[in-house]
Amino acid sequence: MERKNQTAITEFIILGFSNLNELQFLLFTIFFLTYFCTLGGNILIILTTVTDPHLHTPMYYFLGNLAFIDICYTTSNVPQMMVHLLSKKKSISYVGCVVQLFAFVFFVGSECLLLAAMAYDRYIAICNPLRYSVILSKVLCNQLAASCWAAGFLNSVVHTVLTFCLPFCGNNQINYFFCDIPPLLILSCGNTSVNELALLSTGVFIGWTPFLCIVLSYICIISTILRIQSSEGRRKAFSTCASHLAIVFLFYGSAIFTYVRPISTYSLKKDRLVSVLYSVVTPMLNPIIYTLRNKDIKEAVKTIGSKWQPPISSLDSKLTY
């Protein structure tokens, strides 16, 4: 009978913002605009880096990968969050929950490692520019990107299997926006010590290690920037580094805070805000931060725009005709 009760759950109820009934439509509008900006900005980056031959460099190769990851992991949860804001039925099937958790953890883990690869790219470009094309060959770039994706995949497989091997004994209400590891561990009626150990271990490998590598890379970059003679050049370089580091601290800070701590310390009502930062806000800010001061991207966008725009002479001839 106990085994039957443990396997009886066929769906989960996502509570999300159910306590804010009067703000449901406002929140839907905010999430919709954020998701629209995320898709638009990241799709533009992918199209630009693929179609412009001048952007076929390691930096933009990694940036294109980052844009694709941001689209995927935002799509894994935000559309469902918007549906639940306007729907009375706020449920997700057991299988749907498995798929959502796997996808989200896969893409978040891959992004953690990819950001470190991007920092390494910037370190070589600024601190060792003469050997940049030799060190960061096409083969190495492909290997780095593939390693990020593979490690993210394996990390997701481990946590998905461990999470859904746990028993769920009747209560199926997830006090969160989507199916994520911490709320499911809290919901489980089994022993989660193995899951917590796995979170801590992978948190060190996928969270803290790449984060520290990024910080060390930017320390070297900043020390090189300080030797730039032009004050204007130093100012622009510092401004770019500061914006990149702001995104890194926001993403890693919220992700590490969410996953790398004991389950007993979780307060899902408070932690929901943190989850919004790295799952909704950061993917929208990435294309802005990484392309705002980038002249190459701006020029490429103008070039693409001019190709889609018909010549004025042809328009005049059509109008006169």
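Even glycines carry a Cβ here, placed using N, Cα and C.
Here Swiss-Prot flags 1-25 (among others) as topological domain 'Extracellular'.
The annotation N-linked glycosylation site is assigned in Swiss-Prot to Asn5 on the grounds of sequence analysis.
Among the features that Swiss-Prot reports, transmembrane segment is placed at 26-46 (among others). Sequence-distant contacts of the transmembrane segment (26-46) (same chain, six or more residues past either end, CB-CB distance under 8 Å): 17, 20, 63-64, 67-68, 70-71, 74, 78-79, 81-82, 85-86, 280-281, 283-284, 286-288, 290-291, 297, 301.
Here Swiss-Prot flags 47-54 (among others) as topological domain 'Cytoplasmic', drawing on sequence analysis. Long-range contacts of the topological domain 'Cytoplasmic' (47-54) within its own chain (CB-CB distance under 8 A, at least 6 residues past either end) are made by residues 60-61, 63-64, 67, 296-297, 300-301, 303-304.
The transmembrane segment annotation in Swiss-Prot covers 55-75 (among others).
Taken through DSSP, the topological domain 'Extracellular' (76-99) splits into 15 helix, 3 strand, 6 coil. Feature annotation from Swiss-Prot assigns topological domain 'Extracellular' to 76-99 (among others).
What Swiss-Prot lists as disulfide bond is Cys97-Cys189, and the listing cites sequence analysis. Under a cutoff of 8 A between CB atoms, and with a sequence separation of 6+ in the same chain, the neighbours of Cys97 (disulfide bond) are Glu11, Phe12, Cys179, Leu184.
What Swiss-Prot lists as transmembrane segment is 100-120 (among others), and the listing cites sequence analysis.
Model confidence over the topological domain 'Cytoplasmic' (121-139) stands at 91, taken as the mean pLDDT rounded to a whole number. The feature topological domain 'Cytoplasmic' is assigned by Swiss-Prot to 121-139 (among others).
Packing against the transmembrane segment (140-160) from elsewhere in the chain are residues 58, 61-62, 65, 98, 101-103, 105-114, 117, 120, 181, 195, 198-199, 202, 205-206: each is 6 or more residues past its ends and has a CB under 8 Å from a CB in it. The transmembrane segment annotation in Swiss-Prot covers 140-160 (among others).
Summarising the annotation, Swiss-Prot assigns topological domain 'Extracellular' to 161-196 (among others). Residue counts of the topological domain 'Extracellular' (161-196) by helix, strand and coil are 15 helix, 2 strand, 19 coil (DSSP-based).
According to Swiss-Prot, the transmembrane segment annotation covers 197-217 (among others). Sequence-distant contacts of the transmembrane segment (197-217) (same chain, six or more residues past either end, CB-CB distance under 8 Å): 109, 112-113, 115-116, 119-120, 122-123, 151-152, 155, 158-159, 162, 181, 248, 252, 255-256, 259-260.
Per Swiss-Prot, topological domain 'Cytoplasmic' is recorded for 218-237 (among others).
Sequence annotations record features per position, and here Swiss-Prot assigns transmembrane segment to 238-258 (among others). Sequence-distant neighbours of the transmembrane segment (238-258) (same chain, 6+ residues past either end, Cβ-Cβ under 8 Å): 108, 111-112, 115, 119, 122, 180, 182, 203, 207-208, 210-211, 214, 218, 221-222, 225, 271, 274-275, 277-278, 281-282, 285-286, 289-290, 292-293.
Residues annotated as topological domain 'Extracellular' in Swiss-Prot: 259-271 (among others).
Among the features that Swiss-Prot reports, transmembrane segment is placed at 272-292 (among others), with the record citing sequence analysis.
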Provide the number of Cβ atoms within 10 Å of the Cβ of Cys189 (disulfide bond), excluding the reference atom itself.
13
